[in-house]
Amino acid sequence: MAIQRTLILVKPDGVKRQLTGVILARIEAKGYTIAELKQVSATPQMLAEHYAEHEGKPFYQPLVDFMLSGPVVAIIAEGQNVITGFRSLAGTTDPTTAAPGTIRGDLGRDWGLKVQQNLVHGSDSEESAAREIGIWFA
Ligand code: DAT
Ligand code: MG
């Protein structure tokens, strides 16, 4: 497959816990290139677009509120198969059961925290990546 770009977010829990550097190091160690990087405070409008697919689900509003609770670090990473590759590096959604060796599995906390506090977001398809890059790097 061709070289891809994906949108990665270090979520507010990752920024607050000062894990941005560790997460960036894992992305780079895997061989992906950091093409763009910035810290940003999301707006409700950006999050409504970003999480449109989840609107109406029970976790939607807590997720949006959490994403508004502090700055995030938005990253465009580039590399061979980076969309699937970063999601593999991130681990499954729930840090409690995410595999050891993954960002969520190694660094995610599960003591009394909610699933949305899972440190990172990564685009799940080429279509999502293009759409999400447009939101965060307009
Ligand atoms: P992912 O971030 O692994 O792509 P997703 O797109 O299904 O997961 O959901 C977006 C975020 O919403 C996810 O990172 C955490 C939160 N979330 C998903 N399912 C949830 C659930 N059942 N309860 C609480 N939060 C949930
Ligand atoms: Mg998702």
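Please read every residue number as a count from 1 along the shown chain.
Glycine is no exception: its Cβ is also placed from the backbone N, Cα and C atoms.
A sphere of 10 angstroms centred on the C-beta of His121 (active site, pros-phosphohistidine intermediate) encloses 24 other C-beta atoms. Summarising the annotation, TrEMBL assigns active site, pros-phosphohistidine intermediate to His121.
Residues or ranges marked as ATP binding site in TrEMBL: Lys11, Phe59, Arg87, Thr93, Arg104, Asn118. Thr93 (ATP binding site) falls outside any helix or strand according to DSSP and counts as coil. Shown in sequence order, Arg104, Val115, Asn118 are the residues of the chain, 6+ apart in sequence, with a C-beta less than 8 angstroms from the C-beta of Thr93 (ATP binding site).
Note on the domain 'Nucleoside diphosphate kinase-like' (3-138): DSSP counts are 58 helix, 28 strand, 50 coil. The annotation domain 'Nucleoside diphosphate kinase-like' is assigned in TrEMBL to 3-138.
Cα of Arg87 (ATP binding site) to Cα of His121 (active site, pros-phosphohistidine intermediate): a distance of 8 Å. Long-range C-beta contacts of Lys11 (ATP binding site), restricted to its own chain and to partners at least six residues apart, with a cutoff below 8 Å, comprise Phe66, Met67, Val72, Gln116, Gln117, Asn118, Leu119, Val120, His121.
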